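J.: Below is a structure I'd like to ask you about.
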Amino acid sequence: MASITNHKSDPLHFVLFPFMAQGHMIPMVDIARLLAQRGLTITIVTTPHNASRFKNVLNRAIESGLPINILHVKLPYQEVGLPEGLENIDCFDSMEHMIPFFKGVNMVEESVQKLFEEMSPRPSCIISDFCLPYTSKVAKKFNIPKILFHGMCCLCLLCMHVLRKNPKILENLKSDKEHFVVPYFPDKIELTRPQVPMDTYVPGELKEFMEDLVEADKTSYGVIVNTFQELEPAYVKDYKETRSGKAWSVGPVALCNKARIDKAERGNKSDIDQDECLKWLDSKEERSVLYVCLGSICNLPLAQLKELGLGLEESTRPFIWVIRGWDKNKQLVEWFSESGFEERIKDRGLLIKGWSPQMLILSHQSVGGFLTHCGWNSTLEGITAGLPLLTWPLFADQFCNEKLVVQVLNSGVRAGVEQPMKWGEEEKIGVLVDKEGVKKAVEELMGESDEANERRRRAKELGELAHKAVEEGGSSHSNITFLLQDIMQLAQSNN
């Protein structure tokens, strides 16, 4: 596509601000590449450590001719009391870092303003993660629109909107176990108070910060969403109406990763050799393997991880189990060794201790299901790969995502988790699904019942729709065009 310009000489220049958490950064880097492929100049503003995680993927994009720049800002470690070098949430070993981290990432406004003054061509638009409310002030100072990126589906965004407009719903609940029906929804969706998305019900110190997020949300020009219209049409339509039409569904953005190496290194370099992993998968029957990954900041206690492992073992299904934070999980390492678990499952199970090449694995013909924490990136990757999902939500938006997959799309099975895994209270919460529950859920997902076969058919159909959405003429491809036309017209009127 020819370069899109905002007047006779300058191309549109979008400046992207990803939040420093893996699940937020990965899709933002994909969005950067998608926009650069349309001829835009792109600048990504982040910290040195986070930039290094995407160095290889972005360098390949730049070498291919895409106009992407990366600028660094330094976090004020000493001012907020953060350990030097702690630049990403998945590096946390304690929730004590959360408040100073949120403060720190929002104290770089002055540095960013200096960067903006030197940028050429002049920035036309900001795309900012919703966790960085300071970018609203930058947008206002330089008189450019700010587009928000939440990293959630439209069902979840609509849920947050409805609950913010109707605060009495949560206030009137008698306990954290009481269910309520989300009003004004196309489907009957029931949640408990702890299951609602994060910024609608936040106890303690984070409340003030969340209020800043809500205010920044209100003043944003629009929202870019990593979903596609055919996946959740009623929710896309209703959420778009709440934003006066300024909501663009452009996903699945992960599909911009076409080369094998880009799929393998999406987000971080893998801790397993790609060829070794693919060779193992090649040895298994088609659609027989369950892929198990509970995200980059999984906080399940040791007792629950043991039950998960034993349930996978007793299911007799081949599986890949990704265990992130392996180096910090000394007790689990000891249990694997001393209990003989690793030895017993070696012919049927593959353990990946660290980061996995998830996109490569999910798209392999031997994989037939995905046990996921329902983080939106993973959920959408599973849907895009045409896989039925076994849902195990942990916190934040993940219970809403489970409702979408199991109830609305009919392409998933619940593991049976009812309670979020609160940081700092993991041991107290303990086991939510025992080994028998794991075994039963795996069999329900991977078995040959009529319901299981119907889920597989539905999942395959959704995967095909996902790929069509990003092709030329597809809904997401067209929505990127509409977004760029909107910003171009705005830039011309400002000029």
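Even glycines carry a Cβ here, placed using N, Cα and C.
Values in this document were obtained by computation on a predicted structure and should not be read as measured data.
Features from Swiss-Prot:
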BINDING   23-26, 355-358, 373-381, 397-398  UDP-alpha-D-glucose binding site
ACT_SITE  H24  active site, proton acceptor
ACT_SITE  D129  active site, charge relay
J.: By a 10 A CB contact count over all chains shown, which of the binding-site residues listed here is most packed: I26, C374?
T.: C374
J.: Starting from D129 (active site, charge relay), work out which of the recorded positions listed here (G23, H24, I26, P357, C374, N377) have their Cα within 10 Å, and give them in sequence order.
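T.: Hits: H24.
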J.: If one looks at the chain holding Q398 (UDP-alpha-D-glucose binding site), which residues at least 6 apart in sequence have a CB under 8 angstroms from its CB?
T.: H373, C374, G375
J.: Give me the Cα-Cα distance between P357 (UDP-alpha-D-glucose binding site) and H24 (active site, proton acceptor), rounded to a whole Å.
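T.: Per the Cα atoms, P357 (UDP-alpha-D-glucose binding site) and H24 (active site, proton acceptor) stand 17 Å apart.
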J.: Note down the number of other Cβ atoms within 10 Å of the Cβ of N377 (UDP-alpha-D-glucose binding site), including every protein chain shown.
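T.: N377 (UDP-alpha-D-glucose binding site) is surrounded by 25 other Cβ atoms within 10 Å.
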J.: Out of G23, P357, give me whichever of these binding-site residues has the highest number of other Cβ atoms within 10 Å.
T.: P357
J.: Which residues does L380 (UDP-alpha-D-glucose binding site) neighbour through Cβ under 8 Å, counting only same-chain ones at least six apart?
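T.: Same-chain residues close to L380 (UDP-alpha-D-glucose binding site) (Cβ under 8 Å, separated by 6 or more) are C153, N226, T227, G251, P252, A254, A466.
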J.: If one measures from the C-alpha of N377 (UDP-alpha-D-glucose binding site) to the C-alpha of H24 (active site, proton acceptor), what distance in angstrom results, rounded to a whole number?
T.: 9
J.: May I ask you to report the DSSP-based helix, strand or coil state of Q398 (UDP-alpha-D-glucose binding site)?
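T.: In the DSSP reduction, Q398 (UDP-alpha-D-glucose binding site) maps to helix.
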J.: Near H24 (active site, proton acceptor), which residues of its chain come within a Cβ-Cβ distance under 8 Å, counting only those 6 or more away in sequence?
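T.: Those within reach of H24 (active site, proton acceptor), by Cβ under 8 Å and sequence separation of 6 or more, are P18, D129, C131, F149, G151.
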J.: State the three-class DSSP label for the residue listed as 'active site, charge relay', counting H, G and I as helix, E and B as strand, and everything else as coil.
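T.: Going by the DSSP assignment, the residue listed as 'active site, charge relay' falls within a strand, counted as strand.
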